[in-house]
């Protein structure tokens, strides 16, 4: 287990909260609130999800994965926490969403099994929870087909992101449990771009995800000071 690109403490945090994953008033409320934004952003840039084979890396309980399946994609969600995966399977069964599967497997291992098998790969709100983000990016590049799309999201590392993503979200607004994020694992856009280039992906777009605590509204804008999303493609034939 020590050789895997996994932080066991990170896995344990989300395992402990697994039963609340689909409760829109729980600690996962922010994920439910941002999901329509990120789903539409991915859908538009991928040229539509319907009929495509999609992999969601670090899927947790399946909020994004299931919503992509509802758009008509054939989805595999992978995670290293078994409890969230069990919640995802149960929810899909209850909602009769049949075009989705879940597996407990490291993305690097799946890349050895299924290289070039996916039209779209998503890895959202996960990069800042692993020891080696570059390894995740490379595995995603391996898994996507030539011409396919890979999407990432994470949190910038700077004083503003510390103030907003940790002090604000975890301590002041209490949107997230204390200890959800480790500032030192946040990833600057320049670092993300470096890993993307090294993996052989082409960076197409970065956009910021913003939140107003007064209006409780989320929106997308060019500023990537705190939360941001990335669209890449795998060029070649």
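Yeah, the Cβs are placed from backbone N, Cα and C, and that goes for glycine too.
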*Quick one: which of 7, 79, 182, 195 does Swiss-Prot put in the S-adenosyl-L-methionine site with 38, 58, 124?*
79
_For residue 38 (S-adenosyl-L-methionine binding site): intrachain residues, at least 6 apart, with Cβ closer than 8 Å_ = 64, 124, 153, 209, 229
*Looking at Cβ-Cβ distances, which residues of the chain lie under 8 angstroms from residue 79 (S-adenosyl-L-methionine binding site) while being 6 or more apart from it?*
58, 59, 60, 85, 102, 104
*asked:* I'd like the Cβ neighbour count for residue 124 (S-adenosyl-L-methionine binding site), meaning other Cβ atoms within 10 Å of its Cβ, all protein chains included.
replied: 25
